[in-house]
Amino acid sequence: MKLLKLTYLLIALVFFSCKNEPYEEIPTQAAGEYQNVPLSFEVPSNFPPLQYDIENNPPTETGFELGRRLFYEGRMASDNIVACGFCHIQEFAFTHHTHIVSHGVDGALGSRNAQPLQNLAFQNEFNWDGAAIHLDMQPIIPITNEVEMNESFTSIIAKLQAHPDYPRLFREAFENGEINSENILKALSQFMVMMVSSNSKYDKFRRNEGNVTLTANELQGMELFNQKCASCHAGELFTDQTYRNNGLAIDPQYNDIGRERVTGFPEDRYKFKVPNLRNVEVTFPYMHDGRFANLEAVLEHYRSGIQDTENVDESLRQTDGTLGIPMTDEEKARIIDFLKTLTDTDFIFDQRFSEF
Amino acid sequence: MKKIVYLFSLSLSILVLSCNSDADVIETSTVEITFDNRISANQNLTLGTTVYVNQNNESVVTNELKYIISNIQLTQDNGTIFEYPKADSYFVINEADLSSLTLNLDGIPVGNYTHISFGIGVDQSEYPLDGMLNFIPTAEEAQMIWNWAAGYIFIKFEGTFTPQGGTESPFVIHVGSHGQNLDNYKFVTLPLANTMNVNAGTTASVMVEAYIERIIDATNQIKLEDTNNIQVDPVNAPRIATNLESMFSAQ
């Protein structure tokens, strides 16, 4: 018996002795060892193609789980409290809505409204102004920004190394097992890439699933939305991913210049990313600074509130030169009926994404 | 027991035989690259002290000078290019930190080298590959990363300038890439003034001189009185990035 064991050991030795490393441990699947169990990621049939280069960071069970832990981990912030999940709350499609603009460590006030986190793997740029061009890099901003988590990677790495669970979780999730900035960011991305919202009533209707139909009001709202809104809130993601000025009055408190901050081009002043509208029923307050409390106010803005500020989108100007999208009260109500079909309760109550 | 010993020696011999890859291992050695930041070929730089006059007749004092070097490559006289492992090839050169000015590169194949190449900044078109995410802590400590945008600052050049007959004012130049449409990463190849012989057992060295007057006076001239704050600047940041291509010379 002993002999047999020894033989196996020797055979294994021969196998592993030809790697470049001086030696290599014989892998076991015990806790604390790298586990490569891939999670399946399917592009919903009514969605555009993926933008995230998933081959470079394929989500695995252990990578996703580590990402989930990190997302809800207060130690990622300087006060050990303000986790990603503090501002991105699942029931609100990962937005924050007790505050208009986000609150960070020590109650520091940001100047922008937290965006929903959903279908990020289909997006090419991130934040209201596109300040991140890759999902893996986006968390650098909230982590290091003094009004958000105000932390440094060096300090996070030290805190995670000293933690009873994280060294094991990193070994299970990554082949090199290291607690480093790349693995932290990759684990967060694996978690966020899996956050796909594609099971709203609207999606089921589009995919002809289980005889789901829209009511007459909702159908009429969809028709109106396609005429009046879909030029910007385009396609199945409800955004063409461009930056535009939809005519919000400039708030002198922040004077947020939007996209210009990233590009420096004056023609980008006051332009913001066209937001996706999935789960919009629960992502209030609305706009980059959370100025509108409800959808009625948003629709009224498009009808009567559009201001002629620098770079306002020309498509919002009617042929007679006045700004606004003409709508009757009735039409406004129908569009809101339609927007509510984008709510995906499967997503906002999906256990996989919740803290506990 | 005998059986075990037999089995052991058998396997040992297999072990030895199966590992003949040693035969074609290339001999390697160490190269030391030292950055000498100067005003010009014949003027030294001391932070906070040295005054030089730029082409717009402005007297310039440098208080801070840092830049990122990446993707180092060395070219042999036979044309072979050795690429230093990308993941280990990101460095902050900080004039205020002596230890940052010398880079020690291990595992350089022996041979005669005639050129050195490197990137100035980080090649964002490769995000997030090549270990560039593991450069974050270093960049963070050197404050060479933004916290409102996800990206590295390629060069920081700060100080004061005094136009002729004018008063002294500060200037700030921070250049990096922004978004997808402003890529200020540059890659330069410099001939070595003397061939560098890399031999086993000794450390070869290269001296790279950086002439900082060229940051604002090279292909493009920048008058600090007109623009003393170049950060997210779609016009001037690319002009500076172009100037950086002619800032270095290798000895």
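Here the Cβ of each residue, glycine as well, is placed from N, Cα and C on the backbone.
Whatever TrEMBL says is automated annotation, not expert-curated.
Per TrEMBL, the features are as follows:
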type	residues	note
BINDING	A:CYS84, A:CYS87, A:HIS88	heme c 1 binding site
DOMAIN	A:216-343	domain 'Cytochrome c'
BINDING	A:CYS229, A:CYS232, A:HIS233	heme c 2 binding site
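Taking the binding-site residues A:CYS84, A:CYS87, A:CYS229, A:CYS232 in turn, the residue surrounded by the fewest other Cβ atoms inside 10 Å of its Cβ turns out to be A:CYS232. Excluding the listed site residues A:CYS84, A:CYS87, A:HIS88, the same chain places A:PHE71, A:ALA83, A:GLY85, A:PHE86, A:ILE89, A:PHE94, A:HIS96, A:ALA114, A:LEU117, A:PRO142 with Cβ atoms within 8 Å of the centre of the heme c 1 site Cβ atoms. Of the listed binding-site residues, namely A:HIS88, A:HIS233, the sparsest CB environment within 10 A is found at A:HIS233. Summary of the heme c 2 site environment: with the site residues A:CYS229, A:CYS232, A:HIS233 set aside, the chain residues having Cβ atoms within 8 Å of the Cβ mean position are A:PHE225, A:LYS228, A:ALA230, A:SER231, A:ALA234, A:PHE238, A:THR239, A:ASP240, A:VAL274, A:LEU277.
Distances between the Cα of A:CYS87 (heme c 1 binding site) and those of the binding-site residues A:CYS229, A:CYS232, A:HIS233 are shortest for A:HIS233. Residue counts for the domain 'Cytochrome c' (A:216-343) under DSSP, helix first, then strand, then coil, are 51 helix, 12 strand, 65 coil. When the Cα of A:HIS88 (heme c 1 binding site) is compared against those of the binding-site residues A:CYS229, A:CYS232, A:HIS233, the shortest separation belongs to A:HIS233. Residue pair A:CYS229 (heme c 2 binding site) / A:CYS84 (heme c 1 binding site) shows a Cα separation of 31 Å.
As a whole-number mean, the pLDDT of the domain 'Cytochrome c' (A:216-343) in this prediction is 96. Taking only the Cα positions, the spacing between A:HIS233 (heme c 2 binding site) and A:CYS84 (heme c 1 binding site) is 27 angstrom. On the backbone, the CA of A:CYS84 (heme c 1 binding site) and the CA of A:CYS232 (heme c 2 binding site) stand 29 Å apart.
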